[in-house]
Amino acid sequence: MLFVLDAGNTNIVLGIYKGKELVLECRLGTDAKRTADEYGIQVLKLLSHNNIDPKDIEGVIISSVVPNIMYSIEHMIRKYFKIDPIVVGPGVKTGINIKYDNPKSVGADRIVNAVAAHALFEKPLVIIDFGTATTYCAVTKKGDYLGGAICPGIKISAAALFEKAAKLPRIELIKPPHVICKNTVSSMQAGIVYGYIGQVDYIVSKIKEEMIALGEGEPYVIATGGFAGLISEESKTIDEVCPFLTLEGLRVIYEKNKE
């Protein structure tokens, strides 16, 4: 079995693969104060609860956008699984040609998503990842990573509204049936959710224009991350939601580097 970990700003997403099949996906809260032992105990509990024997895990791969937790995560893997993990970064084979001004500055999660999407679709792509930040990435048919855009995530956008406007309450992020709303909560939901959908569709339309101008043709638009389902319901530009895109990318990269 293969153990894949994607450490984000809010959550660490864990996956267990048996061959090419994802047999377990679960999450831990990201906490820089947590020790390797604390992470180890939590991970072993999750595996035990799902009837997975740690001795069956033969490889581990990690991607992270949170540098200050990496010592604990890597030490946890070595101590509790007796495995040296592959860590996505410089020197790791991805099959993606990064056309960024400084390739080392691209977030590991963005590269991992690009690897998965290119392996799955082999066509011009726009990849949207709805995480703590929302990222937009453009990938060519042959696998060149062109770059993209980074925006505040929908939760960050909502939190800014709650914190800066004293009389506005915290709300659940759901899509109301109308934009013309009759109460404060629904009005806020409409503004945040429909406003974010508008942002997505406009940014994607601009990326499409630029990719077409480069001769790539019309890109296929895929979305992943916690709010992909909510936004895709109303978006005019998202073609497909891939909820486990990052985990799949880690599996593909592991296969390229395990020899």
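For all residues, glycine too, the Cβ spot is worked out from N, Cα and C.
Copied from Swiss-Prot, the annotated features are:
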type	residues	note
BINDING	D6, A7, G8, N9, T10, N11, I12, V13, T132	ATP binding site
BINDING	Y100, G107, A108, D109, R110, T184	substrate binding site
ACT_SITE	D109	active site, proton acceptor
BINDING	D129	K(+) binding site
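Features as recorded by Swiss-Prot, highlighted on the structure.
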residue : record                 : contacts (Cβ under 8 Å, 6+ apart)
D6      : ATP binding site       : I12, V13, G15, I62, S63, S64, D109, V112, T246, L247, L250
G8      : ATP binding site       : T30, V65, V66, D109, G131, T132
Y100    : substrate binding site : V106, Y145, G147
A108    : substrate binding site : S63, S64, V65, V88, G89
R110    : substrate binding site : I127, D129, T135, C137, Y145, G148
T184    : substrate binding site : L168, P169
T10 (ATP binding site) has how many other Cβ neighbours within 10 Å of its own Cβ?
14
Helix, strand or coil: which one is T184 (substrate binding site) in, per DSSP?
helix
Would you mind reading off the Cα separation of G107 (substrate binding site) from T10 (ATP binding site), to the nearest angstrom?
15
Pick from I12, G107, T132: which of these binding-site residues has the biggest number of other Cβ atoms within 10 Å of its Cβ?
I12
Note down the number of other Cβ atoms within 10 Å of the Cβ of D129 (K(+) binding site), including every protein chain shown.
28
Please report the number of other Cβ atoms within 10 Å of the Cβ of D109 (substrate binding site).
28
